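Undergrad: Swiss-Prot feature annotations, pasted as is:
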DISULFID  Cys35-Cys60  disulfide bond
DISULFID  Cys189-Cys302  disulfide bond
DISULFID  Cys330-Cys343  disulfide bond
DISULFID  Cys720-Cys818  disulfide bond
DISULFID  Cys831-Cys1039  disulfide bond
DISULFID  Cys913-Cys922  disulfide bond
DISULFID  Cys924-Cys939  disulfide bond
CARBOHYD  Asn66  N-linked glycosylation site
CARBOHYD  Asn90  N-linked glycosylation site
CARBOHYD  Asn118  N-linked glycosylation site
CARBOHYD  Asn321  N-linked glycosylation site
CARBOHYD  Asn672  N-linked glycosylation site
CARBOHYD  Asn915  N-linked glycosylation site
CARBOHYD  Asn923  N-linked glycosylation site
CARBOHYD  Asn1017  N-linked glycosylation site
TOPO_DOM  1-1055  topological domain 'Extracellular'
TOPO_DOM  1079-1109  topological domain 'Cytoplasmic'
TRANSMEM  1056-1078  transmembrane segment
Amino acid sequence: MESPLIYVMLVLLNVFVFSSGVIHNKGKERTYFSCSGEGILTGLHTIKLFLTMDNLKVRCFFRNENQSPSKEILGLFTSGGLAPNMIITNSTFYGGYYFKLTPFSNRLEWLIDIPRQNITVNTDIAAVEQWMIKITMHEGLNIYDTEGTLLDLVREPILQWNLGRVLTEMEVRDLYPEVNDIKVTKSPCANDVALIGFMMKPSSNGVFIGKTISGFWTYKECIWHDLTEIIYAELKDEHQGLTVIDLVLTNHFLVILTSLGLYVSSDLRYPTTSQIKLSRAEFCGFERVDYIRGNLWYNEKCFANRESFEVDYVTITFNRNRTLSESSSCFFSKEPFLHWLPCVFSTIKNEKSIPRVITFLIDQETDSGIYLFNVQDTKETYVTVAMLKDGKPSPRPKFPSFHFPSTFTLPLGMIFHPRSHFLYVYGSQIWVSMDGGNTFEMLCNLFSHHVTKTSNSFYTSDIVFIVEDGRILTTKAGLTTYSELGILKDAIFTLYYDQLGYIHKLTPENFDAGSKLLGHGNSGSIFGKRPDLGFEAILVPQYISTNEMYFFAHVPLTMPTNIQWKKRFKTIHLGKTIEFSKTGLANIKNVYMHKTEPVGFQTSIHTEIIVPFGIENSKDSPCLLSDLEITYSGKLYYTIKLLSKNPLHELKSTDVEKSVLIPGYSSFLIMNITDKWTASALATMPQAIKSNLKFLTGSWFLYNFGTAGGRKWSISTRQCNYWIQQDSLDFMSLNLVKYIDVGNTIDFQFKIIPKAMSTFPIPPVSMVVGNPGLVEVKTQGVFDLNENYYLDIHVSGRFFQKGSTSIALVLWEGSSKCYAITLLPTIKSSCSYLRTMHHTPGRHIPPEDWISGVHKDSQGFNMIKTLPINYRPPSHMGISIPLTDNFYHADPSKPIPRNQFHKSKETGKYKQCANVTSRAMCNCSEHQKFSHAVAFSDCKEKVHRFKFPVTQYPVVLEIFNERDKISAEPPYLVTMTEVNMRKNWQLKHNEPENVKKMKHYLEPLLKTPVYNPLGLNLTIQGSELFHFKVSVVPGVSFCELSEEFQIYVDEVPLPFPGHALIAVATSVVLGVLIFIAFVFQLRNIHPLKALKKSIRGNPGLTSSTTVSS
């Protein structure tokens, strides 16, 4: 036997591994934080914060479900040095911020104050993701956290417009009796921003739309607008009977279908007026009666950080067949929705044979169009997928159409689950496709009922189907099972999911989000207690093993055929839990239908036993103390005889409807008692009985799953049965977006932890790739000794092709009560907005020294140069003749130096400081002042300073991603230019054979030298400012990677051209001197001797005379 120490070590190892990363489906604590920002306190178990141009100020209380906030609670934590922190995330961003340790306002609150620029520096109007926030605090082994949202009010497009006259509370109340239905649409990137429209009765008139910024948490928060006059401004004749029919809010446009036409807003990102503008789209031949029966269809996608291939499409369908004079009864358009094209062209002359387009959706992942067709005369329903060519569907299908069975009699619509590739077709049945419409699997058959509306949550992957009888069916994206949330009796209502996945019931006069909100989407007060999915029928257990059991549902042989369905197991029971009142719990693995045998049992379920079911004892059924004999009576029934004649062991009337279970043999349902020792029964496995059977007491058992005295068993949604552990930084979001560049790869790691029975050796997770032609996905999974499942996913790009695809990870055995069953990362084969290239200077200068402008080396040389005001670098014509357009350290109020020559006056243009009169009006931010980009040269004040000459300066380039960085090296070859057209510099680099081949190929195409960034060195022979731009060659990255840096060369001996002139003059003088010396030597002239004599002075002359006689 192995040492117990090994098992202890394994358990501890599992605990330590489990404690790292992010774990979903853990459940919620009964303690939470209540937070508010700028005086807005929701008072709910979720937090709604709003970001304006000011700082984000958040105050938080610590609450307990049965305890109000108090000084004592806060004091307990702060005395231990504890304070919460706030995590802000979305699909591409993760940031952590910390509250002050000392609570605010007399130790009653924690306070945090975050400048806007610490969260985002952008202020332009655009589709931007709403942030998820989590307030969390650790205390010992306890973790307290509360989730919420943060909405940017500055950037959300629809919030920048006035939708029309604001209605008073009394005016809104007057509309309630006239409302016929309600329609809801939400912002694709910020689901808390939503619009609700009233569909009025024919006797009323007007377009009334409500707007919320907090996800309809309270009715008072919703602002109602009257758009009637805005619509009337576009109408020429008919004004009566105007009402909302449908509405869609895309990333950048609002589309409203009314009874008098279709109206499209201008681009919401560019408000030219305060009031929204709507234009009418014309459809020839369609009138008010057609618009009333029309529908809008939209595949919801969030286009935050929008790519060039991302565009919204909207479809309008009219619930009628087209006439021979009309091109189509279905039209679609892409933004800006100016031109509407027919979804399909048909040349069929027989009107009844023309397939009617019920729905047409654009699948943006595979760039295809998906049709849901219905043929009137044949009652045929099918789905066809066509590729898009030049923005139009091709008449040739992508693959053969999928035809639904004839039992699908009422198809009504088709939708994509948002941000995924799961396609749902609904009506009298619900079908789901995992492969974009190629194949479908039936999820639910509603028989005589049908689905009227749907609602979904991208965050929790929930999707609900509203049935016309008020039932609410729900499932998770990718699951092939469903359950029932409950029944709503409201005459007019719809359901809506907010950003965090909480479900809301909306009626004309009230919004209900539920009162118990501990968990994602847990709104028990809306539906009440989840319904018992059981039915009034006798169940017979059939033993398979200690872990498995079948249950057969008995249908009386005399029961009318038309109501026999009431006593059958159905597809809704798949994946649920069957529970016995005495004791016993099992998960339903499969549902089976039986056509002939066994007689009396039309359906059965296969279960996995979690808790053994309780058996009858001898006190309740004394017959258990007797031996048993079973024989076939020849009339469908089997005869059960008690071999003991002891009066204390006889059968009782209460034994009717009980089941006889014998391990290894068929089970029997006692139908009636003939006498004290004999009963007739039905067998669950009659084909397995070959002869008479005898069993000793203790070898057979009785179960009571009958209905006499009330049903003792129930079926319900099983509890959450899996934990999902992810890397804490890579996968903070359930719907993260990852970018993959050319030649790059992405790796994900997950750990699936079963809370009950494991699926070993079958992997518990399935994976669906939306566009498998875009990326290559490899997986590797393994079970550990504790039957936890580890999954590694490796994603790499296939071609130099831009696009996006979802990768769905579905826990197919998971319960819908887990909020995280489906993980939906999106892979974009494109350039990440976080992917940049940076030059790493050879020396580090602290930020505080940059601010002061002084950083000296060991020799006292200041390594920072503060540029003169309105500075421009020299040109090849001289220091005083700058020819560049770029100003540095610009100040329009100051004179421009070096501006005497005509060519210098013609050049030089302000950018940031254009059309202003002072530097303060340039609005240069600190980021712009320190930026190396030529676009911000007006703001640039300080640069790196070097002594002349600069030789072999290493140009070190690094490419940064979200979390890591790599050195720029082949194949990332680069080009380098000086933005001010200066010449006195040169580069040296390494040229291995592969680099030479790429240079020979690229340089003729680019018409510029190409360099290897690895080992690149720069030499500068000129003076003053050099501004370089390094760019990665095209074709090796989706990103246009470039970097700029400046070098100021100072302490040059003499500026050009003085140095050369002195050299020439010196040479001439030396030459003249040599020539003069040569002439003196030739004439025997000795200038030095003459010079010496002149220094001594001239002596007196003497005379000598001789006279002879």
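Along the chain as shown, the residues are counted starting at 1.
Quick reminder: no glycine exception, Cβ is built from N, Cα and C everywhere.
I'd like to know what surrounds each of these features in this structure.
TA: When other Cβ atoms within 10 Å of the Cβ of Cys60 (disulfide bond) are tallied across all protein chains shown, the result is 26. Classification of Cys60 (disulfide bond) by DSSP places it within a strand.
Around Cys302 (disulfide bond), the same-chain residues six or more apart in sequence whose CB sits under 8 Å from its CB are Ser91, Ala127, Glu129, Pro188, Cys189, Asn251, Arg419, Phe458, listed in sequence order.
According to DSSP, Cys330 (disulfide bond) is assigned to a strand segment. Proximity of Cys330 (disulfide bond) to non-local residues of its own chain (separation of 6 or more, Cβ distance below 8 Å) is seen for Thr315, Ile316, Thr317, Phe318, Pro342, Cys343, Val344, Val357, Phe360, given in sequence order.
The Cβ neighbour count for Cys720 (disulfide bond), using a 10 Å radius and every protein chain shown, is 21. A coil conformation is recorded for Cys720 (disulfide bond) in the three-state DSSP classification, outside any helix or strand.
Secondary structure at Cys1039 (disulfide bond), taken from DSSP and collapsed to helix, strand or coil, is coil.
For Cys913 (disulfide bond), other Cβ atoms within 10 Å of its Cβ number 22.
Cys939 (disulfide bond) falls within neither a helix nor a strand when secondary structure is assigned with DSSP, and so counts as coil.
In sequence order, Glu129, Gln130, Trp131, Met132, Ala304, Ser733 make up the list of same-chain residues 6 or more apart from Asn90 (N-linked glycosylation site) whose Cβ falls under 8 Å from its Cβ.
Taken residue by residue with DSSP, Asn118 (N-linked glycosylation site) is part of a helix. Sequence-distant contacts (6 or more apart, same chain, Cβ under 8 Å) of Asn118 (N-linked glycosylation site) comprise Gly95, Tyr97.
According to DSSP, Asn672 (N-linked glycosylation site) is assigned to a strand segment. Neighbours of Asn672 (N-linked glycosylation site), defined as other CB atoms within 10 A of its CB across all chains, total 11.
Around Asn915 (N-linked glycosylation site), taking its Cβ as the centre, 7 other Cβ atoms fall within 10 Å, counting all chains.
When secondary structure is read from DSSP and collapsed to three states, Asn923 (N-linked glycosylation site) falls in the coil class.
Neighbour density for Asn1017 (N-linked glycosylation site): within 10 A of its CB lie 14 other CB atoms from the protein chains shown. For the recorded site, Asn1017 (N-linked glycosylation site), the DSSP three-state label reads strand.
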Undergrad: Who are the long-range neighbours of the transmembrane segment (1056-1078) in its own chain, taking Cβ under 8 Å and residues 6 or more past its ends?
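TA: Hits for the transmembrane segment (1056-1078): 878-879, 1022-1023.
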Undergrad: By a simple count of other Cβ atoms within 10 Å, which of Cys189, Cys343, Cys831, the disulfide-bonded residues in the record, is least packed?
TA: Cys831
Undergrad: Around Cys1039 (disulfide bond), how many other C-beta atoms are within 10 angstroms of its C-beta?
TA: 18
Undergrad: Give the distance between the Cα atoms of Cys1039 (disulfide bond) and Cys939 (disulfide bond), rounded to the nearest whole Å.
TA: 26
Undergrad: Measure from the CA atom of Cys913 (disulfide bond) to the CA atom of Cys939 (disulfide bond) and give the result in Å, rounded to a whole number.
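TA: On Cα coordinates alone, these residues lie 8 Å apart.
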Undergrad: Between the Cα atoms of Cys720 (disulfide bond) and Asn1017 (N-linked glycosylation site), find the distance and write it as a whole number of Å.
TA: 60
Undergrad: If you average pLDDT over the topological domain 'Extracellular' (1-1055), what do you get?
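TA: Taking every residue in the topological domain 'Extracellular' (1-1055) and averaging pLDDT yields 87.
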Undergrad: Please tell me which one of the recorded positions listed here (Asn672, Cys818, Cys913, Cys924, Asn1017) sits closest to Cys35 (disulfide bond), measuring Cα to Cα?
TA: Cys818
Undergrad: Among all the protein chains here, how many other CB atoms are within 10 A of the CB of Cys924 (disulfide bond)?
TA: 20
